[in-house]
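Worksheet: the structure to be examined is printed underneath.
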Amino acid sequence: MESSAVVPATTIDAAPTAPSTSAREVPALDRESFRQVLNVTALRVPNRKCSEMMKAFRGFTLDRPRLRCIVQNGDSSETKLLLLDENIKLEDLPPELLNRMQAEGVTLATTNHPVVLDYSMLSTDAVLKRLLPAGVDAPSSFETIGHIAHLNLRDEQLPYRHLIGTVLLDKNPHLKTVVNKLGSIENQYRVFEMEVIAGEKKLETEVTQHGARFRLDFSQVYWNSRLESEHLRLVSSFQQGQVLVDMMAGIGPFAIPAAQKGLTVYANDLNPRSAHYLAVNARLNRLGPSGLHVFNMDGRAFLRLLNSADLGSLPDVPECFAPPAGGVVFDHLVMNLPASAIEFLDALSGAFDPATWSERSLPWVHCYTFKRAAETEADILAKAEHYLGGPLEPGSCSVHTVRDVAPNKLMLCLSFRVPRDVAFLGRAA
């Protein structure tokens, strides 16, 4: 993806500077210490009435993950045991419930029944609440990328990061690696530094979204699983047979499903590793080179190349690609780099050949950007017009809220048709 800074080496081993734990030591994970035996009250229930009794005693029965409240009653073939909550005794049950059982001829014979709890039966949150000190919360959520869990730990959680990672692996068998993000994304490829805090140091993985497969190295390319619904929303608006230009394509979350839908796609990314995995994913999804063209170049130069605009020298391009006279005719342009994509709108100014486009509808642009709390939609539109170098056409623009990315910060998708006055600026008819 694109921006403007130097790319630092991605860190997968380095420990971040963490707050001192002072006299408090990070606890070891002793799984056996979680074993305990609960002696609960159990009702002997005729086999034929088990389902009925479970409904009648709902709210009073044992409710623990991975434990059933109906169990075998020794060798009895006629009754089972209905286990009550560990804090409930027979005398704690509502009189009206007991009277109902008596009226229906149900004899409530009770016994004590031992229930063994161990580490495997506890949730991640339950384990970490016991292990972490007061004032240090368990992570409330994490992103999953294939076999990788991606955490953004707070400062007070950092001393316990390896413990947190180990518990996550224990409780999520499909995970093999846990990473913690170090700092913010501040490089041109949108790749952040990370530390492997538990599991295998294997950062190439595979994810699936709506029938498309994506292979990636999470330490080398940008990926955000939380944008899956947005990928689906936008691709659903495209029509089979159309042409899509994806200026900042990453590993292909828009390009791959669009090509699967029957669009011809020209997809570009500045990051060589993103372009590599974009090509890998095209093959993985059995997309031929005529349906998905992959480029690795600057976004502005990419658009000039497709439009055959005589606006200066172009960098190296794939040998197999030669744009047609007058440029590639396309229907949609996706610019998915919220931090700076809006600045790339200047590439549209005078970029279209009137001989090719004067009798055609100009393409739709789908530009992702961020909106701060102090900004309005009108501010965002004004910013877009500033970089375009001209006004948006009335009625041609819509603003879609994608998601909250941080307190007081929204991700938006600005969709509009390229204004004709902008497209042909300075170009002879």
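Numbers here mean position along the shown chain, with the first residue as 1.
Cβ coordinates are placed from backbone N, Cα and C, and glycine is handled just like the others.
Unlike curated entries, TrEMBL annotations are predicted automatically.
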S-adenosyl-L-methionine binding, same site as H231, D269, L270, D298, G299 - TrEMBL member from N180, N285, N336: N336
Quick check on the annotations: TrEMBL lists region 'Disordered' for one of 1-26, 79-104, 105-130, 131-156. Which range is it? 1-26
Among all the protein chains here, how many other CB atoms are within 10 A of the CB of H231 (S-adenosyl-L-methionine binding site)? 20
Considering the binding-site residues D269, D298, which residue's Cβ sits among the greatest number of other Cβ atoms within 10 Å? D269
Going by DSSP, give the three-state secondary structure for L270 (S-adenosyl-L-methionine binding site). coil
Around the Cβ of G299 (S-adenosyl-L-methionine binding site), other Cβ atoms within 10 Å, all chains included, total 23
Around the C-beta of N336 (S-adenosyl-L-methionine binding site), how many further C-beta atoms are within 10 angstroms, looking at every protein chain? 23
